[in-house]
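Worksheet: the structure to be examined is printed underneath.
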Amino acid sequence: MAEEKWVVMVTAQTPTNIAVIKYWGKRDEVRILPINDSISVTLDPDHLCTLTTVAVSPSFDRDRMWLNGKEISLSGSRYQNCLREIRSRADDVEDKEKGIKIAKKDWEKLHLHIASHNNFPTAAGLASSAAGFACLVFALAKLMNVNEDPSQLSAIARQGSGSACRSLFGGFVKWNMGNKEDGSDSVAVQLVDDKHWDDLVIIIAVVSSRQKETSSTSGMRESVETSLLLQHRAKEVVPVRILQMEEAIKNRDFTSFTKLTCSDSNQFHAVCMDTSPPIFYMNDTSHRIISLVEKWNRSAGTPEIAYTFDAGPNAVMIARNRKVAVELLQGLLYCFPPKPDTDMKSYVLGDTSIVKEAGLEGELPQGIKDKIGSQDQKGEVSYFICSRPGRGPVVLQDQTQALLHPQTGLPK
């Protein structure tokens, strides 16, 4: 390491995920070990993702991190756990183009710069910490030449944010709670890839992009301490639902999938209500969206849309296919129209081709009106995001997408 001015960087993109069988409650707060298994769908990173650039240089005097342009402290135990675990697995790195060699032993004394950016609101119930920690671990593993598979890396990401372990894969992912005290068997595994059930379309109603009043971490702790329903859920309900959900996903059985997804979301929020003091993540708009979907499915005579809510008011709706998704978007925009000064481009994000197909000029077709009922459900929706099941994390080769300057390792 004779030349002291060099900077080596890696930029990665990692998706977020939405749980269809929920994780709520830890049996070990430090290692972040859950009280039950969970299953999630990974969202297309083109629509919802974290971008992270990690850099190493002998000129850096300490580890530093910038999140969405603001420097944040890395002193928290979750960041420290992830950094320690990755550093302990680092290997020799050689950049022949730049003539740089980093020996395995050098990683202990070299410092890192990390810049991370979410393309969606942080801490508003859209699993930003999941994508964030998954991206951090994935990018650092690439930078340090860590030779471990995604499941092994998921055990490290889990120590930053529980649901982060599920963002290291695309498609549908299961987080095994594991039984060992050290957490070595509490890892994520891919059930199916993103092509297995690619008919599905996901529409998210961002009801509020403000930070929530009760964080997931404190909410879970209070539920574990006070909710009898949570104990029953973890022991009796979830193990059965996990098996049923795996079967539904394998067989692309949308009827079973919808029943399980909606029931599990509702039970999770019932647990929050059963917590002392009760936790309210959903609001009136969330409840109106549930009513809309329930009425829609009854009117259709068969489940066409599943809904699920994480620890926040945002509704995640999963449509059986694109035709249903187009009709659903029409209905949602009829019920929750944008404010007069908001244009459609900033009101419907993600896969905007659905907006074109929805043909939003003119009157709503009567068939859709029948499915959603009267237009008395106006509520505060900030915007919608259209997405689909997506792939896992990738390294971005295009250096123009890096968040750090290649010469200085400081934010651009």
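Here the Cβ of each residue, glycine as well, is placed from N, Cα and C on the backbone.
The model shown is predicted, which means the values in this text are computed figures rather than measured ones.
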Range annotated motif 'Peroxisomal targeting signal PTS2' in Swiss-Prot (choices 40-48, 301-309, 319-327) is 40-48
Among ARG78, ARG84, ARG87, which residue does Swiss-Prot name as a further (R)-5-diphosphomevalonate binder in the site formed by TYR23, TRP24, GLY25, LYS26, SER161, GLY162, SER163, ALA164, CYS165, ARG166, THR217?
-> ARG78
In sequence order, which same-chain residues at least six apart have a C-beta under 8 angstroms from TYR23 ((R)-5-diphosphomevalonate binding site)?
-> PRO34, ASN36, SER38, GLY162, SER163, TRP175
TYR23 ((R)-5-diphosphomevalonate binding site), DSSP three-state class -> coil
Secondary structure composition of the motif 'Peroxisomal targeting signal PTS2' (40-48) [DSSP: H/G/I, E/B, coil] = 0 helix, 4 strand, 5 coil
